[in-house]
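**Q** Before I ask anything, here is the structure I am working with.
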Amino acid sequence: MEPKDRPIPRRSLGSSSGIHYGSFVNSLSSLTPKAEEKEKPAISPRRAYIAVAVLCYVNLLNYTERYTIAGVLPNIQKFFTISDSTAALIQTVFICSFLLLAPLFGYLGDRYNRKYIMIGGLGVWLVTAVGSSFVTASYFWLLMLLRAMVGIGEASYSTIAPTIIGDLFVGNQRSAMICVFYLFIPVGSGLGYITGAGVANLTGDWRWALRITPILGVVGLFLLVFLCPNPPRGAAETHGEGVTEQSSYKEDVKYLLKNKSYVWSSLGVTATAFLTGALAFWMPTFLSRAQVSQGIREPCVQEPCNPIDSYIFGAVTVVTGIVGACLGSGLSRRFRDKVPNADPLICAIGLLGSAPCLFITIFVASASIPATYVFIFIGELLISLNWAVLADILLYVVVPTRRSTAEALQISVLHLLGDAGSPYLVGAISDAIRKSRSATHEWSFLSLKYSLLVCPFVGILGGLFFFITSLYIAEDRKAAAQIVEGRDGPSLDLS
């Protein structure tokens, strides 16, 4: 709980903003939305940095756990005796529950205590993640159910954590903190491959790989309870005062749909998620099948399967994620003042540049594995330019009291049309192609190879979405700043 101090005036988005808001909050009691924000003192810089460190740690664990499944996928397929498309359902049900619950947590995050919501979600995540490691071979449906519940827990955190960082920092400092936070997506993803494959290989049982991250998650839960604040919404922009708003969920959605930068950048990030979801889930398996088809490696007939591809791909994901996110954020801070639409242009160039690299990766795998890794590295590096920049775009084109809703709706769209369906789509295409001929190891590789060709084309489409975003970004950012400061209010801090 935060210590209560002297009352602090909070800026309201009322009539001075020129926008009509609903009045449903007038009838709510002291336990209603925003009650937790009353009379809060400004948060010290030291505490703000500690909070970011805690949020980054939990973010790291979230993505490590999420991609542990991909690191041990051949073992899971062997254990449950399932096809490519069925194996992809493990990730699909997780993402589907994630996207279905994200709007709810976005609604709650804009109205209730965000810290408590994250704590509750993390608790659900810990229990269900551990539970999924005890499923026996005859209960594959139970594994999918538990993975869906893991998605519920992660949805509460992913929709809210970036908005807390947005309320602790502003301007270039916010960009830097968001960059650090999103660095842990590729780092966690890469560690998921490495720890998953490593623990499975060490213990001889893939299920132990699913138990490591939840143990570390208990530490994250305690850190979240004692070290993470719940800052007033808009505190960074208004020098600690915060922003209040009386609006309905319907009005929030209408506002977001009229925000062109938000809409088009959400479509762009959906294309990015499609790419990363498909590549993250299938690339280690694709590389393993490529080596089997070339006679470099024997096929996996007994657990544990050879983990080397998960190790290498995990390392590539970590390095390209760190370098790409830092490079993208650095380019954004360098050119944003000179080129108002620099951020979406960086994202567009990243996706368009990744498309030919992915195309070459898919076709060179049958000839040279080292060359394949080179183009995977370049392609993932270009894709990774986007993550920190994308989060910053949302924070400065959307008013503070609607950021959780904006995060939630964007997450729902990017998962629904992006990484929820892309692993299954690639797996289903692979199965359909493979069934057209007699089963051989070479044909198994080729069927997955042809199914992955959808990825470069989605990358081109995503680049076009970001180019469209660049046409509206300057206008929408200015409009959001004007709403927060009010027509007659003091100057807003965006430095």
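Note that Cβ sites are derived from N, Cα and C of the backbone, with glycine treated the same way.
Note that TrEMBL annotation is computational and uncurated.
Annotations for this protein, taken from TrEMBL, read as follows:
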| type | residues | note |
| --- | --- | --- |
| DOMAIN | 51-474 | domain 'Major facilitator superfamily (MFS) profile' |
| TRANSMEM | 48-64 | transmembrane segment |
| TRANSMEM | 88-109 | transmembrane segment |
| TRANSMEM | 116-142 | transmembrane segment |
| TRANSMEM | 148-170 | transmembrane segment |
| TRANSMEM | 177-196 | transmembrane segment |
| TRANSMEM | 208-228 | transmembrane segment |
| TRANSMEM | 262-283 | transmembrane segment |
| TRANSMEM | 311-332 | transmembrane segment |
| TRANSMEM | 344-367 | transmembrane segment |
| TRANSMEM | 373-399 | transmembrane segment |
| TRANSMEM | 411-430 | transmembrane segment |
| TRANSMEM | 450-474 | transmembrane segment |
**Q** Of the stretches 148-170, 208-228, 262-283, 311-332, 450-474, which racks up the most C-beta pairs under 8 Å with the transmembrane segment (48-64)?
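**A** Ranked by Cβ pairs under 8 Å, first place goes to 208-228.
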**Q** If I count Cβ-Cβ pairs under 8 A between the transmembrane segment (208-228) and each of 116-142, 148-170, 177-196, 311-332, 411-430, which range comes out on top?
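**A** The stretch with the most contacts is 116-142.
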**Q** Do the transmembrane segment (148-170) and the transmembrane segment (344-367) come together with 3 or more C-beta pairs under 8 Å, pairs six or more apart in sequence?
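**A** Counting Cβ pairs under 8 Å (6 or more apart in sequence), the transmembrane segment (148-170) does not reach the transmembrane segment (344-367), since there are fewer than 3.
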**Q** Using Cβ atoms and a strict cutoff of less than 8 Å, what residues sit near the transmembrane segment (344-367) while being 6 or more residues removed from its termini?
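**A** Same-chain contacts beyond the ends: 261, 264-265, 268, 271-272, 275, 279, 286-287, 290, 293-294, 324, 328, 331-332, 335, 375-376, 378-380, 382-386, 389-390, 393, 445, 449, 452-453, 455-457, 459-460, 462-464, 466-467, 469-470, 473.
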**Q** With pairs fewer than 6 apart in sequence excluded, do the transmembrane segment (411-430) and the transmembrane segment (177-196) have three or more C-beta pairs that lie under 8 Å?
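**A** Counting Cβ pairs under 8 Å, fewer than 3, so no.
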**Q** The transmembrane segment (311-332): which same-chain residues, six or more beyond its ends, come within Cβ distance under 8 Å?
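**A** The answer is 71, 175-176, 178-179, 182-183, 185-187, 189-194, 197-198, 280, 283-284, 287, 342-343, 346-347, 350, 373, 376-377, 380-389, 392.
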**Q** Near the transmembrane segment (373-399), which same-chain residues lie under 8 Å Cβ to Cβ, leaving out any that are not at least 6 residues past its ends?
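**A** Same-chain contacts beyond the flanks: 13, 162-163, 166, 174-175, 178-179, 181-183, 185-186, 234, 243, 245, 255-256, 259, 261-262, 265, 268-269, 272, 275-276, 279, 283, 312-313, 316-317, 319-321, 323-325, 327-329, 331-332, 343-344, 346-347, 349-351, 353-354, 357-358, 360-361, 364, 406-407, 410, 459, 469, 473, 476-477, 480-481, 483-484, 494.
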**Q** Sort out for me which stretch, of 88-109, 116-142, 262-283, 411-430, has the most Cβ pairs below 8 angstroms to the transmembrane segment (450-474).
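**A** Looking at each of 88-109, 116-142, 262-283, 411-430 in turn, the most contacts to the transmembrane segment (450-474) are made by 262-283.
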**Q** Do at least three C-beta pairs under 8 angstroms join the transmembrane segment (411-430) to the transmembrane segment (116-142), pairs 6 or more apart in sequence?
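**A** Checked: the transmembrane segment (411-430) vs the transmembrane segment (116-142), no contact.
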